[in-house]
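The structure appears right after this line, and notes come after that.
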Amino acid sequence: MSDPIETVKVSTTAPATQLQPVTAAESSSDEVTVVHQAPLAELEDIPPDPTDEDEEEEDNKKDSIDEKMVAASKEEMPSKKSSAEDSILSVIYTASKKVFIVGSIYLVGYMGWSIAWLIAPVILSVARDRWQKSTKHKRSIAKASALASEKEVILARIDELPAWVYFPDVERCEWLNKILKQLWPNANHYARTLVKQTIEPNVAESLAFYKLPGFRFDRIILGTIPPRIGGVKVYDYNVARNEIIMDLDLFYASDCDINFYLGAMKGGIKDFQIHGWIRVVMKPLIRTMPLVGGLQIFFLNNPNIDFNLVGIIDFMDMPGLSDLLRRIIVEQIGNIMVLPNKLPISLSDEVPAASLKMPEPEGILRIHVVEAKDLMKKDIGMLGKGKSDPYAIVNVGSQEFKTQIIDNNVNPKWDYWCEAQVFVELGQYVEFQLFDADETRKDEPLGRATIEIVNVVKRGVVDTWLTLEEAKHGLLHVRLQWYKLTAEPADLQAALMETQLLRVTSMSTALLIVFIDSARHLKSARSNARPDPYLVCSVGKQKQQTAMIMRDDSPVWEQGFTFLVGNPDNDTLQIKIYDQKTGLEIGQYGYVIACLMNKENMEMVSQPFQLQKSGPDSKLIMSLALRILKKVDIVEDTDVTSEASTISQLARAASVKQSPSAQDKGSLRDIQSQSSRLSSESPLTEEEPIALKVSSDTMNLSTTPTRSPKLFSANLAGSGDSQLTHRFPDITSSAGENGLGRIQLSIHYTVQRQKLFITIHKIMNIPLRDPTNIPDPYVKLYLLPGRSKESKRKTVVVKDNCNPVYDATFEYLISMAELMQSELEVTVCTQKGFLSGGSPIIGMLKISLNEADIIENGLNTWFDLQPEQKHD
């Protein structure tokens, strides 16, 4: 008796990584028994064993799959029964190609060019052919998978199981695939209409921007292969009562045949494939048939899209026109069905269009791309590997943001801010992609990383270093903060104050939601002809445009838009309606956004507005809503909170518990850091502030404080007299304990911006040893350890002055962890020192940045200059 067949038991409730070999007798009826077969990609037959009947049956299954794969591959090859005309054209094309190659070689020799002109195109051609063969093979395999049943796909490709195997809450839906197969001929007509009416004009407009007019689809045949659903997940918690939400694992490998024209050039699209999770929202639920008022269909994140360009467009693929067209087509698909864009379908006349088509953001995600470290070196230098010119691309659904390019740096600091609208918290993620910019070739990837938005929503703020995937090494520092949307006008003041503190002008305080319903009785731009109207609405530099309606003076658009608003008190919504054929303006309207602050719930629903520069009866029907950005409560991790409190306590202890004996035992750096801040001129301490009357006598006080004063602590005294309480004097008469002068500095670190701000106010009492040689002082700053060129900051030179005033502020982009291990080196120099032959350094000092005052309130005090020290 033969041994039992070894199988793999795949539990429908366990992840695919827990596959265990068992015998056939051990597998239960509730489990899927998967037999080890050759992978589908190998495309080779396995000889059957005639001595075993069971194995013969399994081989028959393999043969049936291989036959389907071969049939799919044969679709890519020309038919043997081709016409005589095709044969002649094929011979002419082959001969022309040979003549072109021979002519190119002759031209290279005739012109006396370098051999590189011949080798480079050959290398590019070989690489392109290999890439095309690889992608063609993958598409053939995908087609075979789409044609086969799910059971055969599992048996043939154990390494690519459907979603219901990996995720226990995803269910099989083979019944749905059977329904789609029946419905696909009818759905095919709807998809063709959608491509013709929506994608075609948008692609044509995008190509026209690159001076490539005349794009149009000629033939659209989506084929007979329907989409396949690998699994379905229906949400039964955290869902509103009037909606049903489900996620579908969609895989579509079509046998489409689409032809288009770009001017006089003819091209085509074949083997179109798309794979991703698509969400279907049924809302609102109604009490009459069909019980569901409408559908919203959209991808949560950018799906994987691939297709093959054929015709003359494919001939010009090196890269250029083909790459541009491919990118634009993918972008337009995202603009239709990738969040924040949705495909709404109305199922009942009882449901108003605004409830389905008006945007409904759940919040705003503020993203700060701070810096990266240890990126890969992609550029080739004279002595081998050079550096990179990195930039980052941030994707949230179809929303894309790009940082500036930092040249020749593998540790770039971008300090880039952007804001993304989030329509679905659960299931969406933020994707960061890093590239090396190249002018002569395609930008090379440096790695990628993702963060789930739901984690940011739960914690309020995520400040972290991400390890780059698909890279040998590299880290990315990002900070994300979640803002909810409120309808309370009182929250606006707090939002405005926060943006002012950030000092980032591109940040927003509110979100304006606009739903353009329709227009009535528009004037005609041409005599005896109705207009072809489209509407453009804008807020500041942001612009959105509706679709064009052919020959209609009362168009119905039913489109929604959102605009991030910097300050509702100052911004205005501008609306203009144009006729497409003439380009003339046939109506306009301006609405002051601040007017919504006085409306109930800060919104207006389906209100008519009288259009200007149009007919007397011309009106615009639209809905408006204003929402204020409000920070959510920050939920910090226990480990992070305890670590931060420990650092703060250590820093505070270091600044308070410094006794003379401890200073004597400490290092020279600690002694200088503490003694340089002993203000022999200031009579004020933090524990015992005194009230000073504004008079000339104020500057003649002299005591010694026990610790450094804090920054910006000026307030009125508690008594009725008009007296001002200072934490530090603005002028000092002392030259410091070393007689080298004193310098006034303000140091403050903001966690939200990840920036260290240093202000050099002034220097007082620089010693004048030679009356004929008055110094020309300036100040240099370095961050230690390292003393890198990137951390160098320098003030202007003040000529012939022993008491120079600068009031210059410098910034450092630095994380909290780095700040705790850094020092600030301040050096006061004179420009005349270089000419006299002596040392240009007047004095210097080092300040430890591991102090609680710098992070909490900021530090502003006088420091005694120390003698020159040699660099470590």
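Note: Cβ is positioned from N, Cα and C throughout, glycine not excepted.
According to TrEMBL, the protein carries these features:
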type	residues	note
COMPBIAS	19-31	compositional bias 'Polar residues'
REGION	19-79	region 'Disordered'
COMPBIAS	42-58	compositional bias 'Acidic residues'
COMPBIAS	59-79	compositional bias 'Basic and acidic residues'
TRANSMEM	99-124	transmembrane segment
DOMAIN	169-348	domain 'SMP-LTD'
DOMAIN	339-466	domain 'C2'
DOMAIN	488-609	domain 'C2'
REGION	653-711	region 'Disordered'
COMPBIAS	669-683	compositional bias 'Low complexity'
COMPBIAS	695-707	compositional bias 'Polar residues'
DOMAIN	739-863	domain 'C2'
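The domain 'C2' (339-466): residue composition by secondary structure is 12 helix, 63 strand, 53 coil, according to DSSP. DSSP assignment over the domain 'C2' (488-609) gives 23 helix, 57 strand, 42 coil. Across the domain 'C2' (339-466), the prediction's mean pLDDT works out to 89. Taking DSSP states H, G and I as helix and E and B as strand, the domain 'C2' (739-863) has 16 helix, 59 strand, 50 coil.
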